[in-house]
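What follows is a short report on a single structure.
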Amino acid sequence: GVVLKAGERPRKKTTVFLQIYPRLPQDTAACCTLQVSPRATTATVIQNAGATLGLDMTRHYALLEVRQDGGAERMLRHSEIPVERVLLWPPGARNQHPQEEGYYFILQAQGSGGDLGSGTGGSEVSSLEEYDDLCSLSTLTEDTILAALRQRFYKHNIYTYASGILVAINPFKFLPIYNPKYVKMYNDQPLGKLSPHIFAVADVAFHTMLKQQENQCVVISGESGSGKTQSANFLIHCLTALSQKGYSSGVERTILGAGPVLEAFGNAKTAQNNHSSRFGKFIQVNYLESGVVRGAVVEKYFLEKCRLVFRDRSERNYHVFYYLLVGASKEEQREFSLLHPEDYAYLQQDFNLEDAEDLRCEFKRLHQAMEMVGFLVPTKKQIFSVLSAILYLGNVTYSQSEDGQGLEAGPADVLYTLSDLLEVKQELLVEALTKRKLMMANNTVVLHYTLDEAVTARDSMAKSLYSSLFDWIVLHINHALLNRRDMEEAVSCLSIGILDIFGFEDFQTNSFEQFCINYSIEKVHYYFHQHVFTLEQEEYQEEGISWSPIDYKDNLGCIHLISQKPTGLFHILDEESNLSQSTDNTLLEKFKQLHHDNPYFVPTTVMEPAFIIQHFTGTIKYQIKDFREKNTDHMRPEIVSLLRSSQRAFMRQLIGSDPVAFFRWGILRSTIHIIAVFKEAGRRRAAAVQGCEYFLKPLYSLVLVLHLWLGNTVYLHLSVFSPHRKTKGSKRKQLIPKNLMNSRSLKHIVGLTRHDLTPRSLLHPHPRNQPSSISAQFQASLNQLLETVGRAEPFFIHCIRSNAEKNLYHFNAFTDVTVCVFLQQMRYTGMLETVRIRKSGYNAKFTFKEFQEKFKVLLPKEATSAPKDIANLLQKMGLGQSTYQIGKTKVFLKERERQHLQDTLNKEVMRHIVILQRWFRACLIRRHFLCKKDAAIRIQVSTYMKPHISYKVLMTGYCNCVSSHAGAKQLTEVSLVVNLFQSILDGFIRGEIKREGFGLPVKLDSPLGHMFSTYQVNIRQSCDLCGFYIWVMEKAYMCSACKLICHKKCLSKIITDCSTRCDDGEPGCLHFGVQVCVLTSKTYPIPMVLLMMLEHVEMNGLYTEGLYRKSGSASHARELHQLLEINPETATLENYSIHTVTGLVKRWFRELPDPLLTYRLYKDFLHAVELPEQSERLRAVYQKLDELPSANFKTLERLVFHLVRVAKEEEHNRMSANSLAIVFAPCILRSQDTTDPFLVMKDVSKTTTCVEILISEQFRRYTEKMKDITELEYAEALAVNQLKLKRQNTVRTVSLHRTPYCCHEVGSTESSIMSLYAVALRFPFTGTKGPRSLKRFVFLSLVY
């Protein structure tokens, strides 16, 4: 465990203790306690343990991590840091602990072949644990892949690579590996450098998009219950975290809030999955070229409407119904007329409320998520009212009428409540549920439903309502995610798409829904095959390289069977659906007649109403019943007419065929109503005495009308218009949406998502536009989706179920049934073939021209892009013949060889840079030498020397400066100016700036050096202290430095220091090349040597030209550096030139092991500079300053104050804010990664801009404060003159009238005036409004 010394908090966290338990054949101690540094790697720990135990270090050893008693063992890689693994253990297991606690490290021998020997003759830990990538397996078979995945699964590693493809096994249990520290861990790391993780895929997609300026997409596939939806949530969470960089624009919050809303309305519990998505979705996140989120679009595909009215007994309806019924308050139950869940016919299949408490919590989170995407309280009430109406529809029953001519609907109370919720007339509701109208050429025929037709019409109405509600929610989520600049500016943007498509389904009864879902899986699988197999192997053959083709199952024949014109099953279905005489049986016969000889179509017996399709996963039987009806399941014309007559505008908006036209019509109606309300208010006001009350009531109703008609588009603060007074309980701030909807934005959104809106039939004898069938609409939307995905570079994630019973963290691979389930998933995803082609293929490919441009530094000068020159280079580097091939136009490389080439290129570039630096420095030294030589000659021949002026103190220097600039007539005013400067600058500026922190944000120390801030959790995470969950929408505390996350109640349990902070201590013996926190303490808040040099420059060098641009003597610099390093108290800086001192100031910052603005925040500051608006850049930079360690923050504060003083004298020293930023940016803000010098050079302008922002902003604040001081002094002088006059008048009055009261008044007046002036001087200059208003108040008080 990690143990602190002597039971107390150490002064500096330099060492920790690890307890290692040897498992070796020779006799050793039972436990070995090692003292190592916090950043010690596994290799270092093994070396120390071997030295302590006296082991033979010529052998190989491995360090294993054991978590939980009897649990799996995980071997640590040599580059991993064991202390970081310990910090992931429960708090009770981080200190000293016995072996039976279940959390400890094991040291054991490693065989020459890579296997780990147990050392005791017991069972062996398989070497498969070493393989994060399945392509590393020496033998590729289904058994070895299965064994590798099982081995990793029991090591709590659910992610595995197959080259660039991620395999994710669903453990049916939440693992604590998705906290913010993991986002930080995988940030900007190459794929494969760290252990496999879904955050690694998100990070690589994000940075690949930025580097290559190309769109990316992530395709998630797998069976239902394999964890696709959760994987999509993790990707969204990581992508938004990467784009924020500590500064959020608000779009990220909306994106994260959209997920829970869509899942509540579109997910349900099934036999395979407790949280199954019953619709497909594609989320496209749009970015600016700098990586800032610009907006997003959510597209949904094929909502499973039939689940609303019927499903298997082991399954549930959509989540939102249970959330509402269980979690609603008593007031909401009354408002929406809610019953108990078991009282609804649509919810009665095997209903059990064992998770009632969870449902209540989910309902609260749904409320919060809806607010995040902009749904106001009235809108949420409208949505919940529609949900209640849908449930009541299921309770409508039918009986034969007394005259026997038709049906009667009931019960009466259900019809009354339903009509009230829909706000339609009960008579029209009953008519729509029992009769249908047939439009003829000359008249309308009314027909009565049969019992089956009536039930179908009722269920159709419920499905249509729910589908339209879901469409409306998606539409308004997209509007909340819309960036208005997308319609106004032609700014190029990039995108990352996440495709969370359906899971493959094979139930006991498969119908039209499963047919469409499985067809979509066929299309996505074909897309995967095209990229992984077909296109890859075709390119190898076209280039003529040596390649043995890999066979794979092609599913194109199945796709043609279903969708190819004119005999595809979908097209036959559309034809039969338009024929009134056709039935499901005739449809089946036509299927069999046209495809009896197709190998993918398996006909059934004559009497069985079903057909079988040979999918790539196997054969699936589909029941033909209701295929035709479901294919034309539009919103029926009777339902459209009924809901159009509703008094509720929201209901009319749901069934509107054109949202844009409805929006415009709503504005027109509202405008007419406004005019009528104002006229009525005017008449009432003229006729009544209490006109205000009569005027406000109709105006208040007007606001309600506006909201009902326009939904979220118009929402005013109702309390402004309400005639009632506010109560104490009405303190809640009313949310007002920032981006109100208009017809232009709505039209833009509808154009993006129109492909999957619910079609509506109209009552018209000759409809011009017949709504397309469900299958045709589904095919069109699917084709559009694949076109969008095809334009981006894909990443693939294969999700696999670990077992069929949904058991928690159970890989039941020893039963025949589960093996079949797991192997079946492996086989139909083509995992074995995928691993083979990835292992034998070439991941890196360059055209000859691209190769020459990228690696021209490595090629000879006279080399061209000819294959011969490239081959010579690869042979010269010693690459094996099997690791690369040269084709007709391209070079193909393995990933390892490509990385080797890149590393060699970086080293060669660095070598060239060093050579250039040598020549450049030689030229500078030569020029400097010649200048000194010329100066020495001039001095030798000079007859006299110019006296050297030395300024001992600041006031002496300022006095001499003023005297030199003053004319002959102004010499008498020099002392006045100097005194004024001393009183203002020394007495106010230095004191106030030092105490107020120079305008930088005030920093508060948190427990043990942590810097906590609160944020709202968007995916379930785990507390690093107590180990319990932090649920979605809860508040969590996160350290911005080390990314520790915990509950608020757990803050008091923190016992470990922040891993990125240093403790305060006394300064050490060294003053250069030491961390800032080591050089500071409570006595020395700023490093002593730095403070000495800065104060010396401020007193003696502010007027020196080129203060920080020119360099001093190298020998003098070495001498002074040695003196300051050993004994700075004895150093006399006046003996050295000012340029020597300034050179050491820059050297002090350059030699810091961690720069002043820290390596950790380097990319965050660059990201802040890339923001488009100046105000956003400034705010983002200052937000990142809050995350600096306390010592760095105070030192930066002093440095910026110094640079402002230098920039203030730009007229003399020629050092502007930009010049100072150019000089100091490389000193205080630099990257830790120097492997690629080109990237570092690209960041120079950004780092300079960042430092210049700090200097310029503080210069502006400095100037404003000085201006305020000047105005206050003017007010003081004016007040003194007024007092003198008042005293003279008062003395004269007293001598004449002898009234003592006047003298007392004068004394109090003088005292109050001076008190006001003192308050003005003490007023903190934190803004412009406060000081300016107080200054004006003081000025007026003094004058009048």
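Backbone N, Cα and C define each Cβ position, glycine as well.
Unlike curated records, TrEMBL annotations are generated automatically.
In the predicted model, the domain 'Ras-associating' (14-112) shows an average pLDDT of 77. The domain 'Ras-associating' annotation in TrEMBL covers 14-112.
Annotation source TrEMBL lists domain 'Myosin motor' at 129-906.
Here TrEMBL flags Gly222, Glu223, Ser224, Gly225, Ser226, Gly227, Lys228, Thr229 as ATP binding site. Cβ neighbours of Ser224 (ATP binding site) (same chain, under 8 Å, six or more residues apart in sequence): Thr270, Gln272, Asn273, Ser276, Phe502, Gly503, Phe504, Glu505.
Residues or ranges marked as domain 'Phorbol-ester/DAG-type' in TrEMBL: 1009-1058.
Feature annotation from TrEMBL assigns domain 'Rho-GAP' to 1077-1262.
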(message) Within a 10 Å radius of its Cβ, which of these binding-site residues (Gly222, Gly227) has the fewest neighbouring Cβ atoms?
(response) Gly222
(message) Taking 8 Å from the centroid of the Cβ atoms of Gly222, Glu223, Ser224, Gly225, Ser226, Gly227, Lys228, Thr229 as the cut-off, which other residues in that chain fall inside it around the ATP site?
(response) Asn170, Gln272, Asn273, Ser276, Gly503, Cys799, Arg801
(message) Could you check whether the domain 'Rho-GAP' (1077-1262) packs against the domain 'Ras-associating' (14-112) - three or more CB pairs closer than 8 Å, residues at least 6 apart in sequence?
(response) no
(request) Determine how many residues of the domain 'Ras-associating' (14-112) DSSP places in helix, in strand and in coil. (result) 23 helix, 32 strand, 44 coil
(message) Return the count of C-beta atoms lying within 10 angstroms of the C-beta of Gly225 (ATP binding site), excluding that atom itself.
(response) 23
(message) Radius 10 Å, atoms counted are CB only; among the binding-site residues Ser226, Lys228, Thr229, which position scores highest?
(response) Lys228
(message) Please give me the CB contact count at 10 A for Glu223 (ATP binding site), counting all chains in the structure.
(response) 26
